């Protein structure tokens, strides 16, 4: 047992370093190519001339597509090995190291150039890859899946400052590939990754800053659960739209470089309307939580952003769908909050409350992981008083979504990419 705890600690540190390396690479490329040192792609887009804002995502997609296409052509005769941690956990626990690194580099290119795709996909992949490389050298083969799972959970903890949610991400989404009795090392790796991330960042701040002062009574619980019902309907719709977008790109029969470039060009065109479509949506979520926008502004940004997400994901841009899903959920929740605000006092407080509820419930509706989704929002914001209401709403959203569509967004995304 002591040996496993020691290995879990080392994997947590390795995962945090992998996440930090990807984050610093992003910041370096943003500074070199976009003259941006704020860490916000939205700020970078606002500082660019219209024509640069238009073509930058397309150029990033083209570069990433060429990289992926070139690697595929060079390695056509090689036997296939997983380049995704979920696939590795479901097979023999081995990665194609070269292909995984190329996929992560391609993800870095599309993320830095403004595509509306999440960076957490590459971060978790690199963390799991680091764990796999360590495990293959120093642990017996029968433990490899455990350490890949620990690396993936630690990667999520480092990316989202949410170690418990990262651990439950493994337990809920990958249920059946890892026994619950093995979660001890997974939790240790996730917590160590978070602590290492805090040391590297020089602070232990929450991922999102929220000022929520509303008292929770029966009325608030009704609003939270009703948000879960709406999210349970919207989750399958979002996944259907992603599938439809992906199939539309496939029907064009473009080579990967041109397909990703087209997805980037669509993002660039949308960014001429609003630069908030750039990136994974993190900075927009934070600004909305600090100052909820008006009804019409939420709707306008929401439509543009979801079109950008569909273009990026549908074109095959390598990356995650986690943070974009959080943005969509926030927008749905705040939209409902503004509707409730027509009749109830404290419109901004209601918008923030239901925005957080929307983030949790849409995440639950798309991942079919209600406990993880609830803890994720609480850990990212520190608003643990919402836990009982969010848990009920997330279960409602997950059950309704699973009834309407069996696949989760991660199973769908893995199948398409």
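Note: Cβ is positioned from N, Cα and C throughout, glycine not excepted.
Both residue 309 and residue 372 are recorded by Swiss-Prot within identically named topological domains, on the same side of the membrane.
Taking Swiss-Prot as the reference, the stretch among 54-74, 75-95 described by the feature transmembrane segment is residues 54-74. Taking every recorded stretch in 5-25, 54-74, 146-166, 222-242, 288-308 and counting its Cβ pairs under 8 Å to the transmembrane segment (258-278), the highest total belongs to 54-74. Three or more CB pairs closer than 8 A are found between the transmembrane segment (288-308) and the transmembrane segment (349-371), so contact between the two stretches is assigned (pairs 6 or more residues apart). Counting Cβ pairs under 8 Å to the transmembrane segment (5-25), the stretch among 54-74, 146-166, 222-242, 380-400 with the most such contacts is 146-166.
When Cβ-Cβ distances under 8 Å to the transmembrane segment (146-166) are tallied for each of 54-74, 222-242, 380-400, the top count falls to 380-400. Counting same-chain residues at least six beyond the ends of the transmembrane segment (222-242), those with a Cβ under 8 angstroms from any Cβ of the stretch are 306, 310, 313-314, 321, 325, 328-329, 332-333, 336-337, 340, 350, 353-354, 357-358, 361-362, 364-366, 386, 389-390, 392-401, 404-405, 407, 409, 412-413, 416.
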